[in-house]
């Protein structure tokens, strides 16, 4: 930990020098575009294929520390979030664009924060140039020089794991300028895109085995850290709470639509699986320069990664998207539903005989 603090401290000092140079580089003279972020599972409107020169794409994110209810039993988490959601918003740009982020830490917060973009080069992914205390904001610009889906997360000195598992993570998608392609170079199109942010949570219990509730972040730290060190999460959830993407909040689609799922896990490995469907095309490392894998039943997310999977729905019904660590999915909460409308195709599946009395075969 002391090594990380020393490196981050040096980067902060270097950051003061770098910022004085304005980090102009190749961004001077490019068109500047402001984008309003939206809360997951939705993703802000964007083009899949672009022409013309790169742009400077401007985003603004505000850090919010708040208490969140994470299950139907009323269990609470003293959360730290980007823009108030867990995960934070998904940012989308194209390869060659410049991302210009204004990161705001309101005076109502109690902690220092920053952001490490796994897509960025230098200064600990930007963490060394973005540390802000309550009442400050900072502007970071970096070039999106490689395509793919990437994690971003908070990484303050000495507190990285706590901030990450308390909600401060999200995804950035850098699309190829000519769009997503299959291994033969054919354009792949999506009709909808959803972000699924998987979080492992570590809620302390009291001596009677009940989850504890804390009045503020500071009072939760030591107990939470003790649970974190067991490496045993109390909850594993999609988008901030058990059931966040089920029932009335289920994702939606229609037969014939292609849906891109961006699934991020900033801390632990995961194994996504779509019950009743597949991954038609899966970028298992989340990097679009690598050819996607075809017809996947279950794919893998290394901790600290975001993965993209594309599927065209062929049958109506309610699908379940989950981590195929079934204990974590069914017992701890890591599952979502997708409700799909359309006409049933008997050629793909049919019930030949309805349930009824057992008929013994004739001899």
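Heads up, the Cβ atoms here are built off N, Cα and C, so glycines get one too.
In sequence order, 63, 80, 81, 82, 88, 113, 153, 154 constitute the residues six or more apart from residue 168 (Cu cation 1 binding site) in its chain with CB-CB distances below 8 Å. The Cu cation 1 binding site annotation in Swiss-Prot covers 113, 154, 163, 168.
Here residue 324 (Cu cation 2 binding site) comes close to 271, 272, 273, 298: these same-chain residues lie at least six apart in sequence, with C-beta atoms under 8 angstroms from its C-beta. What Swiss-Prot records for 118, 153, 324 is Cu cation 2 binding site, and it gives similarity to another entry as the kind of evidence.
Residues annotated as domain 'Plastocyanin-like 1' in Swiss-Prot: 25-193.
Sequence annotations record features per position, and here Swiss-Prot assigns domain 'Plastocyanin-like 2' to 194-363.
Residues annotated as signal peptide in Swiss-Prot, with experimental evidence given as evidence: 1-24.
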Restricting to the chain of residue 118 (Cu cation 2 binding site) and a gap of 6 or more, list residues whose Cβ falls under 8 Å of its Cβ, or answer none.
125, 150, 151, 152, 172, 304, 305
Mean of the pLDDT scores, which run from 0 to 100, over the domain 'Plastocyanin-like 2' (194-363)
97
Beyond the listed site residues 113, 154, 163, 168, identify every same-chain residue whose Cβ lies within 8 Å of the center of their Cβ atoms for the Cu cation 1 site.
63, 80, 82, 111, 114, 115, 153, 155, 156, 159, 164, 166
Check the DSSP secondary structure of residue 324 (Cu cation 2 binding site), expressed as helix, strand or coil.
coil
